Amino acid sequence: MKVPVSGDVKEETEEENVEQEENQEAKVSLKPVIEDLSMELARKCTELISDIHYKEEYKKSKDKCTFVTDTPMLNHVKNIGAFISEAKYKGTIKADLSNCLYKDMPATIDSVFAREVSQLQSEVAYKQKHEAEKGFSDYTHMKEPPEVRRAMEVNRHQSNISYRKDMQGTHTYTAELDRPDIKKATQISKIISDAEYKKGQGIVNKEPSVIGRPDFEHAVGASKLSSQVKYKEKFDNEMKEKSHHYNPLGSAFFRQHQFAAVLASDWEYKRDFEENKGLYHFDAEAPEHLHHKGNATLQSQVKYREEYEKNKGKSMLEFVETPSYQSSKEAQKMQSEKVYKEDFEKEIKGRSSLDLDKTPAFLHVKHITNLMREKEYKKDLENEIKGKGMELSSEVLDIQRAKRASEMASEKDYKRDLETEIKGKGMQVSTDTLDVQRAKRASEMASQVRMV
C-alpha cells in the first residue's frame, strides 16, 4: 500500500526532479514548427498513445510513497472504494441506456412482432419450468439440520414439563378424611337425614291405609291394563317401522333401466345435433336481421317520444312517470321489505316484546278492550246473576257486585265438580261437613289415584 512520506523527503525529491529536467532540456535542441490542425492532432494522438506522461507521473511520485502492511482499516477503505466505483459505473451506464437512440426509434411491425414473440416465449418457458419443478421443490426434500432438530426436541420436552407442572398444581389439594371437623360434619348430616326420614315415615304411617279397598284395587287393575295397552301400541308402531318394505325405485333393475334411458337420451341428442349441424346459421349482417333491428329501434324511439310528450311541462320533481324512477322505486320497496323480514326473523320473531306496551297504539287498543270487557261484564251480570240471591240497586257498588258474582260462580262450579267426580269414590258428602274438610279429603284422594 502506498502512503505519503514526510515533508523533508518531498523537498529532496522535488529538487532532484528539477535538476534532471534542466539537464534534459539542455540536451534536447528545440526547433520551431508551424502550428496547424494536423500538428495538433498528431500531438494529441502521441500523448494518448505514448506512455511519456505516465512515466513522468511515476517519476514525480517516486520516493513520495512507501509500502506499508495492510491493516483492517485500509482493507475496509479499499473495499468501499471498489463498491463506490462500481455504483458510479452502473449509474452512468443506466443514464446512458435511458438516453439511447434505440429507445426513441419509432415502433415498426418487426419490432412489435419480436417483442410479442419474446414475451410469449418467456411465458411459455416460465410455465414449462414451473410444471417441471412442481412437487420437486428443495424445501420438501431438505434435510433437518442439527439446530432445527435440537430446537424441536427442546420445545417438545418443555411443553410436556409445563403441562405436568400445571396438572400437579391443580391436584395438589387433597382433603383429609380423618380431620375432626369433617367427621363431625358427616355425623351431623347422617343424624339430620335419619331424623327427616323417620319424620316423613311417621307422617306417612298416620295416613289411613288404602290397601285392600275396592276402588284402590280397581284403580290398580285399570293402570295395569292401560300400561299393557300402551306397551302393545308402542310395540306395534316400532315393528311397523322396522318391517320390510319393497321399494321398486331402489331395485337394481330399475336403476339399470334408468341408466340405460339416460344413455339413450344422450345418444339421441347427439345424433340430432350432428344431423342439424350446419343447417342453421345466424348472420348478423343479413337484410332480415338488419330490418328487424331497425324496426325495434324505431318502436323504442316512438315510445320514448310518447312518454316525453306526456311528461312535457311537468316539474322535474315528479319522477313517477319515468321508467327508471318506477324501477328504482320497486327495487327500493322490495329491498325494504327484505330488510324488514330479515330483522323480524333475527330480532323480533320468538322474543317477547319489551316496549310494545308503551306505544300509543297499544295503549289505545288496551283502553278500548277494557271498556268492551266492562260493558260485556255488566250485561252478563244483569242477564244471568240477577235474581240469584243478590239484589241489584244503584246503591251497590260495581266492585261488591262483581265480588259477590264471582263467589257464587265459584261455589256453583265447586259443588258441581264435587257431586259429579268425587261422590261415590269412598267418601260421603253431607251437608254437615265443612267445605274445607271436603276439599282436603278430595285432594288427598286425587293425589292417591294419580300415584297409583
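Placed from the backbone N, Cα and C atoms, the Cβ positions cover glycine too.
According to Swiss-Prot, the feature compositional bias 'Acidic residues' maps to 11-23.
If you look up Swiss-Prot, you'll see 1-26 marked as region 'Disordered'.
The repeat 'Nebulin 1' annotation in Swiss-Prot covers 29-63.
Look at Swiss-Prot and you will find 64-98 tagged as repeat 'Nebulin 2'. Here the repeat 'Nebulin 2' (64-98) has a mean pLDDT of 78 out of 100.
Within the chain carrying the repeat 'Nebulin 3' (101-135), a Cβ under 8 angstroms from the stretch's Cβ atoms is held by none of the residues 6 or more beyond its ends. What Swiss-Prot lists as repeat 'Nebulin 3' is 101-135.
According to Swiss-Prot, the repeat 'Nebulin 4' annotation covers 138-172.
The annotation repeat 'Nebulin 5' is assigned in Swiss-Prot to 173-199.
Feature annotation from Swiss-Prot assigns repeat 'Nebulin 6' to 206-240.
The repeat 'Nebulin 7' feature in Swiss-Prot is assigned to 263-278. Helix, strand and coil content of the repeat 'Nebulin 7' (263-278), in residues and according to DSSP, is 13 helix, 0 strand, 3 coil.
According to Swiss-Prot, the repeat 'Nebulin 8' annotation covers 279-313.
Among the features that Swiss-Prot reports, repeat 'Nebulin 9' is placed at 315-349.
The repeat 'Nebulin 10' feature in Swiss-Prot is assigned to 352-386.
Annotation comment: Swiss-Prot describes 389-423 as repeat 'Nebulin 11'.
The feature repeat 'Nebulin 12' is assigned by Swiss-Prot to 426-452.
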DSSP residue counts for the repeat 'Nebulin 2' (64-98), split into helix, strand and coil: 27 helix, 3 strand, 5 coil
